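Peer 1: One structure is given below, represented as structure tokens, and several questions about it will come after.
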Amino acid sequence: MKKLESTKIKTAAQVIATASIFTVLLFMGMQFAVHHFMSKQSLIFPIIILSIVLLYHMLIDRKLISYKINWIVIVPLLLFTTYYVLNINRGEPLKLEYIAYFLLIVALFIAIISFKNRIVDKRMWIVFTFIYANIFFLPTLLSINKLIAANSNGIIAFLLLFFYLINLHEKNIILKVMNLYTTVLLVVTLFTATSRTAMMAFIIVIIVFFTIKYISRFTFQLMAALIFLSPVVTGIYVYLKHTSIGENLNDLSIQVTGKNFFSGRDRIWNEAVEAVLQNNAFWTGLGINNEFQDLGGYLHNLYVQVFYQAGFIGLILVAALLLSIAWATGKANIMDTEYRILIGYFTAILFLQVFEGHLIYKFEIISLLMWIILAFLLRKSPLQCSSRQCK
């Protein structure tokens, strides 16, 4: 009897913890709504809620998953996090809200892949995303509200779509109807937002989903190549701006999408790199608390952002982190539907780091969703390894 009561208490606590995370996401979604009230100081609310969620799991649900493959990711994550957070420029004011929120995201990521009882229940995402999409996206599609921050909302729709795709085989008729309805709503939002990066990320997921089972032996090699090529692509993008090839690409982009191929990112990337080099900060960067002068400090590129704030050392550490996730992913030897979707999203998230870079520094709902998806990937990976690979 006591065991049954204990199970009920833990189940209720888990539901409350999951609902708390969803509350944080809804709150942070206001940042990209018409009547938003978000500011840097507003991070205090999600910081408190996420702290409570993590405290519950550390004090009540202490059953851990002991897969060695997880430590392959956790160790480089902790190394990067420690260096990044402590790499402070003493000449600039501290931004404690960003540092605290980043640390909590890292802690939540580790908790999701480490605790035996799943923190975030997959089926609860159906209800949450249904609510989110109808509050923030449906009024826009019905022209009740205008869409602001189109790029960000397109990416949010793309990331939320993940939680519906992994629930396509849901058997409960009510949840199934909600799932199908919201999937259509998210896809329509994704394409009406005219975010080229979000649309391209969606196409990448589809391509990877249908091809990965044929090239699964080379998963790690392909992911590693994408990670190494991303900074190279960043440099080529800046270089092409003043070439005939760049002009042709720009003309083609205007014809197809109505937008310039060079959206101004080439300028800010070039200026950010020059600022680091001019200050002789190649190895350590300008500090985590040093913001780029334009766009609120957001550089639209993970690798430029890390280089600007943490230098070449930071780049090496973040590359090691991404490679460790790729290595863990490549160890899986069974390709079911959910895992193919997960690999597709991992590939798309890597792509997004070249033109958006929300994974580090720009801490809002997009960052949190990306880290949760990556945690789902690593949570799944050991379960699909052979027993010898995972030990």
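Using the three backbone atoms N, Cα and C, a Cβ is placed for every residue, glycine included.
Quick paste of what TrEMBL says about this protein:
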DOMAIN    183-318  domain 'O-antigen ligase-related'
TRANSMEM  12-37  transmembrane segment
TRANSMEM  43-60  transmembrane segment
TRANSMEM  67-86  transmembrane segment
TRANSMEM  98-115  transmembrane segment
TRANSMEM  124-142  transmembrane segment
TRANSMEM  148-166  transmembrane segment
TRANSMEM  173-191  transmembrane segment
TRANSMEM  197-215  transmembrane segment
TRANSMEM  222-240  transmembrane segment
TRANSMEM  306-327  transmembrane segment
TRANSMEM  339-355  transmembrane segment
TRANSMEM  361-378  transmembrane segment
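Describe the structural context of each listed feature in the structure shown, including burial, neighbouring residues and relevant distances.
Peer 2: Across the domain 'O-antigen ligase-related' (183-318), DSSP assigns 102 helix, 0 strand, 34 coil.
Here the transmembrane segment (67-86) has Cβ contacts under 8 Å with residues 99, 102-103, 106, 109-110, 113-114, 288, 306, 309-310, 313-314, 317-318, 320-321, 323-325, 327-328, 331, 360, 378, 381-382, 385, 389-391 of the same chain, all six or more residues outside its ends.
Panel annotation: around the transmembrane segment (173-191), residues 123, 126-127, 129-130, 133-134, 137-138, 140-141, 153-154, 157-158, 160-161, 164-165, 167, 198-199, 202 of the same chain, lying at least six beyond its termini, place a Cβ under 8 Å from a Cβ of the stretch.
Under 8 Å from some Cβ of the transmembrane segment (197-215) lie the Cβ atoms of residues 151, 154-155, 157-158, 161, 187, 190-191, 222, 335, 340-341, 343-345, 347-349, 351-352, 355-356, all in the same chain and six or more residues away from its ends.
Sequence-distant contacts of the transmembrane segment (222-240) (same chain, six or more residues past either end, CB-CB distance under 8 Å): 215, 246, 249, 262, 265-266, 269-270, 301-304, 315, 319, 322-323, 325-326, 329-330, 346-347, 350-351, 353-354.
The list of residues near the transmembrane segment (339-355) in space but at least 6 beyond its ends in sequence, with Cβ under 8 angstroms from a Cβ of it, reads 155, 158, 162, 165-166, 197, 200-202, 204-209, 212-213, 219, 223, 226-227, 230, 233-234, 265, 300-303, 322, 325-326, 329, 332, 370, 373-374, 376-377, 380, 384.
Nonlocal intrachain contacts for the transmembrane segment (361-378), taken as residues 6+ away from its ends with a CB within less than 8 angstroms of a stretch CB, comprise 24-25, 28-29, 31-32, 38, 43, 46, 70, 73, 98, 101-102, 105-106, 108-109, 112-113, 120, 152, 155-156, 159-160, 162, 166, 297-298, 305, 309, 325, 328-329, 342-343, 345-346, 349, 352.
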Peer 1: Six or more residues out from either end of the transmembrane segment (148-166), which same-chain residues have a Cβ under 8 Å from its Cβ atoms?
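Peer 2: Distal contacts: 29, 31-34, 122, 125-126, 128-129, 132-133, 136-137, 140, 179, 182-183, 186-187, 189-190, 193-195, 197-199, 201-202, 338, 341-342, 345, 348, 352, 356, 358, 365-366, 369-370, 373, 376.
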Peer 1: Report, as numbers and ranges, which residues of the same chain sit near the transmembrane segment (124-142): CB under 8 Å and 6 or more residues beyond its ends.
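Peer 2: 15, 18-19, 22, 25-26, 29, 32-33, 153, 157, 160, 163-164, 167, 170, 175, 178-179, 181-182, 185-186, 188-189, 192.
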Peer 1: Taking all residues of the domain 'O-antigen ligase-related' (183-318) together, what is their mean pLDDT?
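Peer 2: Value for the domain 'O-antigen ligase-related' (183-318), mean pLDDT as a whole number: 88.
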